[in-house]
There are 2 protein chains.
Amino acid sequence: MSDLDPSLPWLDALKWDAAGMMPAIAQDEASGRVVMFAWMNRESLQESLRCGNAVYWSRSRQRLWRKGEESGHVQKLKSVRTDCDGDVLLLAVEQIGGIACHTGRESCFFLELQGDRWVPVDPVLKDPKDIYAK
Amino acid sequence: MSDLDPSLPWLDALKWDAAGMMPAIAQDEASGRVVMFAWMNRESLQESLRCGNAVYWSRSRQRLWRKGEESGHVQKLKSVRTDCDGDVLLLAVEQIGGIACHTGRESCFFLELQGDRWVPVDPVLKDPKDIYAK
């Protein structure tokens, strides 16, 4: 992979994959925890910057996914970085509610490999029934 | 996406993509910085666990990529996590040399979006010529 060319317009400098997608990593600015991984396309990145909250692209539903639209656990966008070759995004976010995962945990990365098992090692902070209840 | 089934054998519980790949995020355990993003297949994950250093799968070269094999900047594997649906890996690593990026920086994520430009915001810790010189 060649390095990102910073002389190009910022959106074109990024290397979108064949489907127009790019991986996006969300890291909580306060705790330093990597809280989520999702995908973005041009539209979702531009919309994130416009509205100030992380907006991903749902590949399964083929539509914009405004993180927190049901749970209220929005991610306020603090900064956006990309890597040396410009094909991954790293979002610094303020995770509202302190919960990114639909299981009620701070981070989606709560399963640790211990021996030959995946073990949940982080506490559930809020019952999902209370997060998604209307 | 359905949640990971922890009753399955750990390697089969993971959801590999159609090409047998999975995104892998490397986070430095000491600094908390996300230092790199790459891809793994079953073989590279198993080899990482066997040898104790991060081994990725190079999609461009179609072979195992032993991170640091040229630079010496290996990543000692401290723990492996996956996310709620088991389709992304998060590696906690000790980044030997304190440099993950081929540009001589701590992290590959050194480009920050400022206005309409990608701006390098992290210092070069070592000249790449001195990293890769033989």
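In case you wondered, yes, glycine gets a Cβ from its N, Cα and C as well.
Pulled from TrEMBL, these are the features on record:
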BINDING   A:Asp83, A:Asp85, A:Asp87  Mg(2+) binding site
BINDING   A:Cys84, A:Cys101, A:Cys108  Zn(2+) binding site
DOMAIN    A:36-110  domain 'Phosphoribosyl-AMP cyclohydrolase'
| query | Do you know offhand how many angstrom separate A:Cys108 (Zn(2+) binding site) and A:Asp85 (Mg(2+) binding site) by C-alpha? | reply | 26
| said: With every protein chain in view, what's the tally of Cβ atoms within 10 Å of the Cβ of A:Asp85 (Mg(2+) binding site), excluding that atom itself? | reply: 16
| Cα separation, A:Cys101 (Zn(2+) binding site) to A:Asp87 (Mg(2+) binding site) (Å, whole number) | 25
| task | Give the sequence-ordered list of residues that share a chain with A:Cys84 (Zn(2+) binding site), lie 6 or more positions from it, and have CB atoms under 8 Å from its CB. | result | A:Asp3, A:Leu4
| query | So of A:Cys101, A:Cys108, which of the binding-site residues has the fewest other Cβ atoms within 10 Å around its own Cβ? | reply | A:Cys101
| said: Validating a neighbour-count step here. Other CB atoms within 10 A of the CB of A:Asp83 (Mg(2+) binding site): how many? | reply: 27
| Taking the Cα atoms as reference points, how far is A:Asp85 (Mg(2+) binding site) from A:Cys101 (Zn(2+) binding site) in Å? | 29
| Other CB atoms within 10 A, centred on A:Asp87 (Mg(2+) binding site) | 16
| task | Work out how many Å separate A:Asp83 (Mg(2+) binding site) and A:Cys101 (Zn(2+) binding site) at their Cα atoms, rounded off. | result | 25
| message | For a three-state summary based on DSSP, what are the helix, strand and coil counts in the domain 'Phosphoribosyl-AMP cyclohydrolase' (A:36-110)? | response | 13 helix, 29 strand, 33 coil
